[in-house]
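Here the structure comes first, spelled out in structure tokens, and everything after it is commentary.
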Amino acid sequence: MFKRIIQFFARRGYALLLSACFLLLAGLLFNLKKSGSEDIESFQRVFLSQVAKAKDQLRWIPKDWKELSKGDFSKKYNHLENTLFVHVYQGDSLVFWNTNKCPVNRFADLHFPSQGVIQLQNGWYYSQLQKSGSDIFVVTFGIKRVFPITNAQLKDYFFRPFPPVHGTVSLVTEKNHTVFDERGEGVFGIGEVNQSPDNERLLTLIFTDVLAILFLIFFRINRSLKTNTARWAFVFGILLLRYLSLRFDWFEWMANTSLFDPGLMALNNWIPDFGEILVWFVSLLMIFPSLGKLVRQANNKYIVYLLLLLVPVLMMVYPQLIKLIIVNSTIPIHLSELLKLNVFSIVFIFLIGLSSLFLIQFYQLVMEKWRAMNPGKVERFGVLTALFSSVIIANEWIFRLHGFWIIWMFALLTVSLIVSFRFNGTWNFTFYLLATFLVSFGITMNLEMEAKKKEREERLLFANQLADDRDINAEVDFTRAKEKLITEPFLKRLFHHDTKPSFSELKEAMEYQVFKGYWDRYDVDFYYYLEDSLGVRLNGMYKKQLDELIERHGLRSEIDSSLYYVKDYTSQFNYVFSLPIERNGVKVAFYGTMKSKRIPEKIGFPRLLISKQTAVFESLERYSIAKYFNNHLVLNYGAYSYPTSLRILGDNEEQGHQWYEKDGFEHLIFKKSMTDAIILSKTIPSWLSYLTTTSILLVCFGAMLTLVLLLKQLNQVRVSNGISMITKIQLVLIGLIVISLGGFSIASTTMLSGQYRSYSTDQIREKEKSVINDINSRQRFTSEKFSDKNQEELDYQLRRWSKVFLADINLYQSDGILAGTSRTKIYNMGLLSEQMNPKALYELQFSMRSEFIHEENIGSLVYLSGYVPVFNHENELLGYLNILHFDQRNVFEEQLRQFFVAILNVFMLLLVLSILVALLVSSWLTGPLMLLRKSFSQFELGKNSSQINYKAQDEIGSLVAEYNHKLNELAEAAAKLAQSERESAWREMAKQVAHEIKNPLTPMKLSIQHLQRVFDPNDPKAAERIERVTGSLIEQIDALTHIANEFSNFAKLPQPVIAEIDLISLIEAVAALFDSDTSIQVEWELTGPESKILIPGDKEMLLRVLNNVVSNGIQAATLTPAHIVISVEANENLVFIRVKDNGTGIPEDQIQTIFEPYFTTKSNGTGLGLAMVKQIVETHHGSIEIEKTSSEGTTVLITLPRLKNE
């Protein structure tokens, strides 16, 4: 059956493939034509269906509202089909909602609730409304989400289940496609747009299919050509058609697609876009077979020498063309950043790879024709020397390509030379593998070098623009904005104490009315101070601070005297303006600060609130950035730790730029003066990334080459031979390796995803606890409900927490309505409503959960959101705290990407090695069988046949021995038969031979919080206590920072930096950390007369050891306060440190395993703490053990070597 299938496709495959292409083209054209009026009809049907669903749901809601408890009602309608949104009003107050994505007010207004089509801040909706007494029930479904800004996360779309008609929704129905309600009345209209994403995909598929059809047709025509004249006519005909297609723009119908977008790539009139490159490539594929045949049949030596001249031309033109395409395109080609490649990158690399293989084939054809002329050694040496010299000279004088391009071209030519002159044009597996490796390695190195060169140019451009933050356009636009600002009606509220707006209200009004458009490039904050309130702090800023900022750091704009350029980037401000406003004799000092959004924020939603029209350098996210003013570091962004002074980088006083490498980073330092500079740094890819990228390309190109060879030999398949044993063994070994590595990758991905979820959840929990503890420590903050608090004070406190805890924070009232937020713009823009997430509200309010963490989204941005109830000291509910975990998610996801890239690299490297091993092993296993086959094929009855020399004692050895034995028997039988009846004997021997041959075969926070509680400024010991605690904390932080930088995993601890350590001071520092906590008592005592004990060791590591042991003792304590005693005893050579707690002790059966990795008795422990402690102690040539344990506590003994006092 399998043989017949092979034979069928060998004979009819071409017709089937061509038919399939035509059928696909017909289907695509039908869908393209269909996606017009029929989509509108489908939209109309879905709209009527949604209206019916809303009405049907609205019939049951009033009844359920009366009969069900509030909890049951919430449970039922929170899990409603997510295309229907329910809101319930009592009087004019919103009391229930099942979505926080509809930005409706908590009080009824003119816009909502209402009947029919409504436009909210984030899109178009349709509502059905029913009143029952004072209750108003509303069921709404979304029509189209229209965000106030657009970017990578915020893209407009039609709600499910509406079809994506890619039109704009409008209340105007005359000039648009009208959508009618069930009464036949026009409700809204849908206007047309230029191009839809679905249409673009269809057009791209049609374009690809057309190319495939043309290729198949012309390929068959090409095979039918019999004469050279016909082949020349075919070649010139294809080139003529290609010229006409460019001249008359045959592919104009693809002009609005990304493939034919000049912004993606544009070179010249011959290669105006990336799509035309594909057309050129297919055209060359069509004529290559004919050119190959013409070359093979060229017998004139002058034509051969002309072909030899083409070799150096192609060696120069081919890499130059690739380089020009790279320089004149925006296609990402950093192969070391695999996850950042897109479809165009893959297609581009595929084209280079395939064209390189064809280039090798062309070289081989030319070399074979030259070899056929039997050139002598002198002629060969002369021609090759002239060829190589011309390439080097042409590159030096004309092309100026990187040297590796030339080496690569020479390597490809060398392979062709060896195959042609040494092996008579015969290709074997070794040469295919060598050629594929050279193509893969050459593409990797050359594309990386060109990408690095292009990236350096972009980085230098960024440095130029970042070096000077002055924005002349902003200064000019401020003059116009100031005129609007002075006359803005909203500012009337500033002159009366009873109508003063909060910081958030002022910012919202100014951004909406005045500072919009071009000002989206800046984060603008506004401050105002009345004459009788100059000492008031607004959003953490006093008027005096702003005046000092202008006086000390501002440079007055020459365009507008109210605007000042902050020359030294103080507080990361770029501009500040001061505008005195006077109305009716009342004066207000009005200020504004401006921060550029070029460099994104490190917390919250850094990209979500930035429009794609904003001039923000998203590419800067991959760099570490430093900015120096007057030799001092004023900006530090990214992973690299820059020195605080510019002088430390050298005394080079020249302006301009320079490159240097340090600490695994490549740095660009751009000096705009001798004391001012910008540094942009990027990690240096390791050599392993190049090797593994080569492996990936090797596998891809190898598979592509294999496919080409199979297609080439499809009509020559000898079905009777079947699949050979060596092929079966290779397929089995490679299959097992691929399955094993694939399984490992899937398991690793699953494990890491789970670890990330756990990590993110823990991060949210830690921040929730920190904020809750801070709230509880502020008696004034917990004295009233969130709904009764001063809005300005609340927003300021939330913004402060946001900066401290590096997270966006919301506070909701006990009824789920937003009380305050650190990111007001999210709600001002209508990206979220002021109502709490209904699922979270249900879990906390009715399921009485103490915490709820789940995923939420805004547009395509998915983030973790944690909610906890907040109670006062009387256990009364104040409201709900909401922590959003987003920015750290980006950081961690980047680490995950790097890990996945590492896995992918290792996977591909192992795959290549595995394939090589599989081929070698299969050859080794089948070698004796091939030898047997050869012997069988050479065996002749009656002649002397040599025995097989195989000494291994295995199954094949037994088979060979049996073969040799039978060979001897056959020889004897042949001799006997020859004496009697030669013909009969030969016949019998042939039967016996045939018969015989067939037989064988991955405590500091507590101290600060308690210090805040007990701190008394009037206490004479307060300064001493702060100094001791902060000093201890600084040491702890330094230790942790060092460990965090050097610990990659448990098995690889950083090498200790041995120095003299005063053990007594070390223990005092550990004890001081817990002094301010009344629930913990840490005491220490020294046994013996010595007051100073010196030990050799790493201070940070030993701090970690003592902290860990003491913390474990505190956690084990069951009494309050927890009592820890640290005793020190020493002799001449050793120091004995005993840490005793008042816990419950350790069970006997756990003492032996307590220092083993991953052993823990805590539900939230990792089991690595004591294991690390033991490893650190042993690294210091010491020991640690459980000396004594009982129900009254445990004593841990640490023994370390000591230094004698001098």
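A Cβ is built for glycine as well, from the same backbone N, Cα and C atoms used for every other residue.
Whatever TrEMBL says is automated annotation, not expert-curated.
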Range annotated as transmembrane segment in TrEMBL, from 270-291, 380-401: 270-291
Matching range for TrEMBL feature annotation, transmembrane segment, among 11-30, 231-250: 231-250
The transmembrane segment (430-447) in contact with the transmembrane segment (202-219), cutoff 8 A, at least 3 CB pairs, sep 6+: no
The transmembrane segment (202-219) and the transmembrane segment (341-360) contact flag, 3+ Cβ pairs under 8 angstroms: no
For the transmembrane segment (270-291), sequence-distant contacts whose Cβ falls under 8 Å of one of its Cβ atoms, 6 or more beyond its ends: 207, 211, 214-215, 218-219, 222-223, 225, 231, 234-235, 238-239, 241-242, 245-246, 251, 254, 257, 259-262, 264, 325, 329, 331, 344, 347-348, 351, 354-355, 358
Distal contacts, the transmembrane segment (303-321) - CB-CB under 8 A, six or more residues away: 295, 355, 359, 362-363, 366, 369-370, 373, 383, 387, 390-391, 394-395, 398-399, 401, 405-406, 408-410, 413, 446
Tertiary contacts of the transmembrane segment (405-423) (same chain, 6+ residues out, Cβ under 8 Å): 311, 315, 318-319, 323, 356, 359-360, 363-364, 366-368, 370-371, 384, 388, 391-392, 395, 431, 434-435, 438-439, 442, 445-446
For the domain 'Histidine kinase' (992-1204), the mean pLDDT of the predicted model: 74
